[in-house]
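Feature list (source: Swiss-Prot):
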SITE      Arg10  site 'Transition state stabilizer'
BINDING   Glu16, His17, Thr18, Asp19, Tyr205  substrate binding site
BINDING   Ser50, Gly103, Ser104, Gly105, Leu106, Ser107, Ser108, Ser109  ATP binding site
BINDING   Ser109, Glu141  Mg(2+) binding site
ACT_SITE  Asp153  active site, proton acceptor
Amino acid sequence: MTVSYGAPGRVNLIGEHTDYNLGFALPIALPRRTVVTFTPEHTGAITARSDRADGSARIPLDTTPGQVTGWAAYAAGAIWALRGAGHPVPGGAMSITSDVEIGSGLSSSAALIGAVLGAVGAATGTRIDRLERARLAQRAENDYVGAPTGLLDHLAALFGAPKTALLIDFRDITVRPVAFDPDACDVVLLLMDSRARHRHAGGEYALRRASCERAAADLGVSSLRAVQDRGLAALGAIADPIDARRARHVLTENQRVLDFAAALADSDFTAAGQLLTASHESMREDFAITTERIDLIAESAVRAGALGARMTGGGFGGAVIALVPADRARDVADTVRRAAVTAGYDEPAVSRTYAAPGAAECC
């Protein structure tokens, strides 16, 4: 039996690098999706093909970390995690199509892993609840691919719903729906892809996580969430000033997430926009994960009339989001494109987007 299963990319409205610190985040699922079509066969491997790559990749069912590399490592990691948890995985043929841009900060990796998990589960009749699937997906990304990411991307892909943002508490692993329908208030969410690509596997992302872990250790706690209620004064006990800045971002970002959710409840998109901009400033000044190109896009959007703008995703490239009055959307988009090109960068791809359904079997 051939099955098809789709999983979306995501935009994190606010709450960056908070998930592995057991804080808060507020993502939405995107209309852009990765679809995996899987036909089980009596073989000892899965042959995977992607519309983003030439040729095919062979994934042995008994694969181990490091055996499969490149784009296919994410699919292999999903297979490895399923089998490690005792779930059945048959051999077969797997076809992957996607309109989630790789390296754009929209979590193409989580979309791929989620779609593979869903397709194999649907083909075998295996029922795995969404939280467990998110944990399997994180295990695939952390332990097979080697990217030290948290649960945010996977929870967003699995729990996403139309006109809904997801307030995630990573300490308790709870997901609370929050109405997100800016169009009803004549506001649009612009997605501005800088075309500067980034990678999570290794590098700066891992350094930021290690910095946060050192800060927590200096404070005598297991995670920075444990000092959230103490306020910024608690950070004086952190030995390294850079680690202290990283921790300050996490604590202030957690509060911005809660304030943003409250603003949505009041349909106050002016306040929500201001929080986006404050988040971007914190990522630039305290967490040091933006770039000159990303800063230019965010700042140009605000100057042109956006209510607020911020980078979304792990950093060092990717995309910027902005809340924009509907009647200013074209001017903001044109201004951002022109500013980037004038500065010598590729023209950003600017589009409207919205909260869409989460992962599901395709008809």
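Backbone N, Cα and C atoms are what each Cβ position is placed from, and that goes for glycine too.
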Lowest local Cβ density among Asp19, Glu141, which the record lists as binding-site residues, within 10 Å: Asp19
Winner by Cβ contact number (other Cβ atoms within 10 Å) across the binding-site residues Ser50, Ser104, Ser107: Ser107
Nearest recorded site to Ser108 (ATP binding site) by CA-CA distance, among recorded positions Asp19, Asp153, Tyr205: Asp153
10 Å Cα neighbourhood of Arg10 (site 'Transition state stabilizer'): matching binding-site residues from Glu16, Thr18, Asp19, Gly103, Gly105, Tyr205: Gly105
Cα separation, Ser109 (ATP binding site) to Thr18 (substrate binding site) (Å, whole number): 19
Top Cα neighbour of Glu16 (substrate binding site) in the set of binding-site residues Ser50, Ser104, Leu106: Leu106
DSSP state at Arg10 (site 'Transition state stabilizer'), helix/strand/coil: strand
Those recorded positions, out of His17, Asp153, Tyr205, that come within 10 angstroms of Leu106 (ATP binding site) at the Cα: Asp153
Lowest local Cβ density (other Cβ within 10 Å) among binding-site residues: Thr18, Ser108, Ser109: Ser108
Entries of His17, Asp19, Asp153, Tyr205 which, being recorded positions, have CA atoms within 10 angstroms of Ser109 (ATP binding site): Asp153
Rounded Cα separation (Å) that holds between Ser107 (ATP binding site) and Tyr205 (substrate binding site): 14
Neighbourhood of the residue listed as 'active site, proton acceptor', C-beta criterion under 8 angstroms, separation at least six: Arg10, Pro27, Ser107, Ser109, Ala110
Entry from the binding-site residues list Gly103, Gly105 having the most other CB atoms no farther than 10 A: Gly105
Cβ neighbours within the same chain of Tyr205 (substrate binding site) - under 8 Å, at least six residues apart: Ala147, Pro148, Thr149, Gly314, Gly315
